[in-house]
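*Asks:* One structure, pasted below without further comment.
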Amino acid sequence: MRIGHGFDVHKFGGEGPVIIGGVSVPYEQGLIAHSDGDVALHALCDALLGAIAEGDIGRHFPDTDDKWKGADSRALLRDVYRRVKEKGFVLGNADVTIIAQAPKMAPHIQAMCNAIAEDLETELDNVNVKATTSERLGFTGRKEGIACEAVVLLVKAS
């Protein structure tokens, strides 16, 4: 068994929508990033890479490489999961926490779970996504950006 933890943050800027958890969420601003700025999938990639001792997303998909400019984070997640399987592991479960004052995530949570479960080749009940606010405190509370944490449990493939 292996456990991994990931964290990511992006600030708001430009035009919406926000891409998060593999889902397009309507909002007046987007997230500033080299790729599509999907903080949930970036945190999940970091958690998976950490669990297999393969560093972080920046090591594998550096923002200094134009190859990854505007990259679809679902494609990055699938590539990371391929690495997980090559190391002899599969997902036990994933738990993702989105921290945002806005936009409202609740209407999109199920679609996020569906996308993540598909990309990680797992059953829906192995994936949990939830959202919370920071009670109007800090940069997320001031609606300056979105943060996300993810935890994964990997088990040996049978």
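Quick reminder: no glycine exception, Cβ is built from N, Cα and C everywhere.
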*Asks:* Looking at the divalent metal cation binding annotation from Swiss-Prot, with D8, H10 already listed, which candidate in H42, H60 is the matching residue?
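*Replies:* Divalent metal cation site check in Swiss-Prot: besides D8, H10, the record includes H42 out of H42, H60.
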*Asks:* Cβ within 8 angstroms of the Cβ centroid of D8, H10, H42: which residues besides those meet this for the divalent metal cation site?
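*Replies:* Same chain, not in D8, H10, H42, Cβ within 8 Å: V9, L31, A33, G37, D38, V39, A40, A43, I146, C148.
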*Asks:* What whole-number Å value do you get for the CA-CA distance of P103 (4-CDP-2-C-methyl-D-erythritol 2-phosphate binding site) and H34 (site 'Transition state stabilizer')?
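*Replies:* Rounded to the nearest whole number, the Cα-Cα distance is 21 Å.
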